[in-house]
């Protein structure tokens with residue numbers, strides 16, 4: 001391979017890893033912001049807070065940052081050691097993704113049941129009507145109420161998930177956000193519908209509530225967007241494959257260049273000095 005091709009591979013690989021490094025830094029910053037700005041989301045899964053959005057963003061950001069760091073260093077300093085570390089980390093990442101994806105597919109039923117139980121536990125123990133949080137730091141009650149109003153759903157599996165929770169022990173009540181739009185107000189005097197004058201939260205009448213559970217709607221939402229998930233997986237796989245191939249090409253080229261008697265390490269100072277003296281470095285295989 002000539003020096004032109006070597007330089008092209010090196011610059012492309014370095015630019016690619018700088019882009020990944022910037023993306024990783026962005027994910028890390030978003031994760032840290034979510035962790036401090038929206039702490040209530042971690043309470044939705046009390047025993048599995050690691051699955052919350054902030055932890056996922058932080059994990060992806062740290063992994064991308066570290067891998068891209070070794071890639072940039074290996075390219076800039078033409079270090080075979082850094083390139084080998086980079087290649088090894090990408091391979092381990094690919095194997096981990098494949099293993100986790102396979103386990104998630106095989107045990108998808110158990111994982112679904114576990115998440116359902118965790119969400120129900122979060123409702124039972126952490127829902128507090130009086131705690132609404134703030135605009136930047138919503139509470140568990142605010143998160144669930146907004147979710148149920150936006151998706152027009154009630155409960156994780158059914159409206160009965162709200163019965164006998166710590167916010168109203170021993171009562172068969174539901175939050176106001178479970179009520180259908182026409183029954184969502186406690187002050188509906190003058191309405192032609194006699195049910196509109198009933199306190200929907202305490203009536204115990206399923207006809208006043210949203211008929212679908214939030215778990216069912218979220219599952220449908222995810223299934224309808226499987227093509228987006230597939231596209232993201234393919235893009236991630238392509239980027240990892242590109243990183244593996246380009247790192248090995250660069251590794252082999254660096255090894256070949258260093259074994260050549262005319263090898264010259266990249267240095268802008270040396271290039272300037274050589275050009276000033278009217279000389280130029282050549283490679284044996286050009």
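Placed from the backbone N, Cα and C atoms, the Cβ positions cover glycine too.
Ranges compared are 201-227, 228-254, and TrEMBL records transmembrane segment for 228-254. Tertiary proximity for the transmembrane segment (84-107) is limited to same-chain residues at least six positions away from its ends with a CB under 8 Å from its CB atoms, namely 63, 66-67, 70-71, 74, 236-237, 240, 243-244, 247-248, 251.
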